Amino acid sequence: MARCWSPFQRRLKELVTGDIFSKVITVAIFINILTMAVEHHNQPQVMTTTLQICNILFTALFFLEMMLKMIALGWTYFQDWSNIFDFAIVIISLWELGANSDNRPSVICAFRALRLGRLMHFVPYLHRQLLVLKRTLEEAAMLCWLLLFGIFLLSIVGMHLFGCKTQNLGADYNAKSFDVIDKRKNFDTLLWSMVTVFQVLTLDDWNYVLYNAMVSTSVWAAVYFVIIIILGKNVILSILVGIVVKSFQNQPEDPLQCPGSGSATLNPN
């Protein structure tokens, strides 16, 4: 039995690891994404039925792909993170087909679009850029933790300075440019204080928060926001951008060479 099974498993492994099989699955992923993209509100019933059938067919196809790989590769199938991700998506899709009474594709099925990451194997230059970005994130991890700690510290200071002082400001201040501050732009709690500090760092309508804080307390409140912008945006974020630029400048010229593999960077001289 084992003698008959081994040649079959070997041929099946050659099939699932071949380029033709990968290209067929990639095309199926593209078509599956298109079927999810064309769905819209008040669509015809015929279109809804067609999309339901397509969802069932693609789920069956991806389930067949998973089973073939598991038979061909055995337990080594779960040693690849991309296979584990595909396995999770297929299981979730099967569960949704049985759980949804109307058989409509749910939003979790949209995670199938992430499977387009397999295209990185066919585009080596794009694969290299993603590897450089991954290495950059690893190098800037401590800086991101420092930024998070800075947001936390500035949020606590903002709670002590402006907590429960900017509510209903529009009713107390006779100016058309000031409206009642909403729940997302205050320092009343730690959560929304951190959200407000992050909003100031992104410069998204930050002057609205600044003016309301100045009116509710004093003009010296502007110093707090100046500190946020200088330390948070112009210092920490600029250093983060510098790390990203340096990583891309130091990447090897060989598109097939993996960044961070321990090889020396080519000397331009």
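Yeah, the Cβs are placed from backbone N, Cα and C, and that goes for glycine too.
Not measured: the values here are computed from a predicted model.
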95-112, 113-130, 185-202 - the one TrEMBL records as transmembrane segment: 185-202
Stretch contact, the transmembrane segment (222-245) with the transmembrane segment (50-68), Cβ-Cβ under 8 Å, 3+ pairs: no
Remote residues contacting the transmembrane segment (185-202) - C-beta distance under 8 A, at least 6 residues beyond either end: 151-152, 154-156, 158-159, 161-164, 166-167, 208-210, 212, 225, 228-229, 232-233, 237
